[in-house]
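> Checked TrEMBL, it gives:
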- 36-61: transmembrane segment (TRANSMEM)
- 113-135: transmembrane segment (TRANSMEM)
- 172-336: domain 'Inositolphosphotransferase Aur1/Ipt1' (DOMAIN)
- 177-197: transmembrane segment (TRANSMEM)
- 261-278: transmembrane segment (TRANSMEM)
- 290-314: transmembrane segment (TRANSMEM)
- 320-338: transmembrane segment (TRANSMEM)
Amino acid sequence: MVDIQFSPAIMGWKRSVVRGASQATALVQRNVYIRLAVTIAFEVALIAITFCSNFLSGYIFNHFFDFKASRMAAMDNALRIIKAEKLFGMFIEQAVQKWNSDYIGGWSFWNTYYAGAHPVVTAGVLVILLVRMLYWQTFRSNWKKLRSSVDQTSPSPFRTEEERSPFHVQNPAQQYYFLRSVWILGAWIAFLGFVFIPTMPPRLLPTCDYFNNTGLNVGGCIANDFTFVDTIGRFGSLLWDWEDPSVKTLNNPYAAFPSQHSLFACWVAMVWICIWGPSSQTVTAFRRPAAFWLHFLGRWSIVLYPMLTIYCIVVTANHYIFDAFGGIAALALSYVIVSWRTSKKKEGSPSSPHPEMLPV
């Protein structure tokens, strides 16, 4: 057996190659962590700015607009909404509030729900989506395997468009960017409504003794025509009150149309329905197993959240029913725009086994 001896030069070169490879690996890992940190910082900043869109509209009103003129415009827009609701037989806000007061009550719950559920639930869903996306980018592993609701090899002709939706073949990063882009765009569409269509909420129409931080009256002073009760002002909530100095300074009292509460609640429902995914049970025209219906009920039970939210914003006299419809319309418009933008990016990008979707 021949004993092969390498020269010191070759051994030194070999050690240099190994050392260089380890340094390159460490550099790549550092770059990955840096990219993740930058991604987290950017997404958190983007989400935080979007949550502050209501406050930004209030700042614009206080510093760039004539507040008294805005107050009159807000009251006129509110009366137009009421007139339109009466035309369609939908002006039921006063009756619903009175019915709740007579038979249900629970104003502390409804006021706290209005003040807290809106930001907390939405932020929680965004955090879950972001962490899920970061987990996938780090480990290329998905928490939740999204499956088609039918066997892809099945010849069954009863697949729905939803079951063939391309969303369910996207990776978690693509899904995150799509869903968060829909939310962000919808929120800023609502912001445009707050600025250019100021609307006095129902609770302020009969009010004549509520003032902003500069001492100007923000109410409509038409108590003879309306009986709305400002439930937060009268009963308070466990989180904040209209008289809090920070609320008076930051809040836009005329940010009623479209309703961000209904927009965000419907977005949360959309996320739940999309991420849950269709049932994996085989579906035929005449036979659907019990597991399919359990999955169906679990998936669509989330619609109770936007329904409860819309009831809350109406019963507390913070929004009209048309405001809720406006929020849903803003979400639908945002979804259409982001879907169109995403499809255009797909057409312009080369096909690959794991296509990456850039933020919209």
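Keep in mind that glycine also has a Cβ here, set from the backbone N, Cα and C atoms.
Provide an account of the burial state, proximal residues and distances for the features listed.
If one looks beyond the transmembrane segment (290-314) by at least 6 residues along the same chain, the residues whose Cβ comes under 8 Å of a Cβ in the stretch are 93, 96-97, 110, 113-114, 117-118, 121, 259, 261-262, 265-266, 268-269, 272-273, 276-281, 283, 320-321, 323-324.
Sequence-distant neighbours of the transmembrane segment (320-338) (same chain, 6+ residues past either end, Cβ-Cβ under 8 Å): 78, 81-82, 84-85, 90, 92-93, 178, 181-183, 185-186, 189-190, 193, 199, 201-202, 256-264, 266-267, 270, 310, 313-314, 360.
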> Can you give me the average pLDDT across the domain 'Inositolphosphotransferase Aur1/Ipt1' (172-336), rounded to a whole number?
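Averaged over the domain 'Inositolphosphotransferase Aur1/Ipt1' (172-336), the predicted model reaches a pLDDT of 89.
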> Sequence-remote contacts (6 or more beyond its ends) of the transmembrane segment (113-135), Cβ cut-off under 8 Å?
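Counting only partners 6 or more residues beyond its ends, the transmembrane segment (113-135) has Cβ contacts under 8 Å with 36, 39-40, 43, 47, 51, 141-144, 172-173, 175-177, 179-180, 183, 232, 237-240, 260-261, 264-265, 267-268, 271-272, 275, 305, 308-309, 312-313, 316, 318.
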